[in-house]
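Working notes, structure below.
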Amino acid sequence: MEFGLSWIFLAAILKGVQCEVQLVESGGGLVKPGGSLRLSCAASGFTFSNAWMSWVRQAPGKGLEWVGRIKSKTDGGTTDYAAPVKGRFTISRDDSKNTLYLQMNSLKTEDTAVYYCTT
């Protein structure tokens, strides 16, 4: 009986500390080479304004590739980019909307991928 109660107690503790982080991307589509796209990532379940946020991507049949990141405003809000996208992609954030953006210009066929935001 004690064993069963211990498990119930443990489950109650775990349930109490659950935190559901949600990152929902939108804005993808089909564009011709040279075109532009803007992706959005709506965040919830954590303090977005304090978080450093990144974009990664996965091309068909390939592994994950880091695209870039933006620091929190308190840490300067600066951005860094992977060499293949530098000068073409821009990451920004709107802390009032808990939203991260990826503006992609001068798109190339090699930019074809599934894009994910991460923290």
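Yeah, the Cβs are placed from backbone N, Cα and C, and that goes for glycine too.
Taking all protein chains in view, 24 other C-beta atoms sit within 10 angstroms of the C-beta of Cys41 (disulfide bond). Residues or ranges marked as disulfide bond in Swiss-Prot (evidence: sequence analysis): Cys41-Cys117.
In the predicted model, the domain 'Ig-like' (20-119) shows an average pLDDT of 97. Annotation comment: Swiss-Prot describes 20-119 as domain 'Ig-like', evidence class sequence analysis.
For 20-44, the entry in Swiss-Prot reads region 'Framework-1', with the evidence type similarity to another entry. Beyond its flanks by at least six residues, the region 'Framework-1' (20-44) meets 51, 53, 55, 97-109, 115-119 of its own chain at Cβ-Cβ distances under 8 Å.
Residues or ranges marked as region 'Complementarity-determining-1' by Swiss-Prot: 45-52.
The region 'Framework-2' feature in Swiss-Prot is assigned to 53-69; the stated evidence is similarity to another entry. Here the region 'Framework-2' (53-69) has, by DSSP, the following mix of helix, strand and coil residues: 0 helix, 12 strand, 5 coil.
Per DSSP, the region 'Complementarity-determining-2' (70-79) is made up of 3 helix, 2 strand, 5 coil. Swiss-Prot lists 70-79 with the feature region 'Complementarity-determining-2'.
Feature annotation from Swiss-Prot assigns region 'Framework-3' to 80-117.
What Swiss-Prot lists as signal peptide is 1-19, and the listing cites sequence analysis.
For the region 'Framework-1' (20-44), the DSSP-based tally of helix, strand and coil residues reads 0 helix, 13 strand, 12 coil. Tertiary neighbourhood of the region 'Framework-2' (53-69): same-chain residues 39, 41, 43, 79-82, 85, 89, 91, 93, 100, 102, 110-119, selected by CB-CB distance under 8 Å and a gap of 6+ residues from either end. Long-range Cβ neighbours of Cys117 (disulfide bond) (same chain, at least 6 residues apart, Cβ-Cβ under 8 Å): Leu23, Glu25, Leu39, Cys41, Ala43, Met53, Ser54, Trp55, Leu100, Leu102.
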